[in-house]
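This report concerns only the one structure given below.
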Ligand code: NDP
């Protein structure tokens, strides 16, 4: 079993730096058992963080997660998200309750606002505060929020605990400002699509670095994100052997030479870029 490093959130509690993504799970009945088995294999390997959302397969992914964590809720750090179409106060409360029902649990460890919408942030944050007061969520955060949106949130509340954003070697825009903004508040960046949904794995440089140190391209791509101690990766796989492989990233510290080669192939941003989303 792997002991997974943690990073602290602004409230002082710990978030594991490696979790399991679930997008595209739960949409196909014939894959259900394999998806449940993959998440259970992850839990058996010591992974506790599971990232899901009401959006994924319209609740289907949450049902996969429910089956996987049956009898093991206590060992799980459960993250789900409210859709922008449910960002109004009443709808957020109802959406959270529906997620809890599908997940077969009475609370979430972290509830995220999936991406910003026209609903005033005050409404959604008030719902988060009431859900927290009722013990239905332990804490809340956001996703796909750029610096200006983080600042707008901070004007309302200082209780945001995480920002989940697109971040991988091919998507480095947030290094210009958002990474520092979050780090200054010890707020974890949860890097989604850390493998660029698989496309990074065919990159020549990533493959060369992997081969030279007897690792795999996925491990190099994840280790690169994990070079930042407050970054969290949530790769998705429905295959237990790949989850085991991905976890190997935690044992890899990339050398200065390797990091330079990756910088040459995937240059860091030289100016502000608008936040990318998948
Ligand atoms: P990832 O970058 O995690 O890539 C997932 C893809 O890579 C799958 O096709 C998977 O296939 C494959 N894969 C995983 N591990 C390996 C490996 N070791 N070797 C080869 N292929 C591999 O993409 P996601 O978009 O799924 O992002 C991860 C998670 O982030 C999501 O599942 C979701 O939970 C979250 N997310 C959040 C968003 C947001 O807006 N907040 C947006 C997008 C994602 P297979 O399953 O067959 O192994």
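Backbone N, Cα and C atoms are what each Cβ position is placed from, and that goes for glycine too.
Per TrEMBL, these features apply:
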- 56: active site, proton donor (ACT_SITE)
- 114: substrate binding site (BINDING)
- 19-264: domain 'NADP-dependent oxidoreductase' (DOMAIN)
- 81: site 'Lowers pKa of active site Tyr' (SITE)
Revision key, fill the gap. Counting across all protein chains, other CB atoms within 10 angstroms of the CB of residue 114 (substrate binding site) number 20
Practice item. Let me know the DSSP-derived helix, strand or coil state of residue 56 (active site, proton donor), please. Key: helix
Review point. Per DSSP, the residue listed as 'substrate binding site' is which: helix, strand or coil?
Key: coil
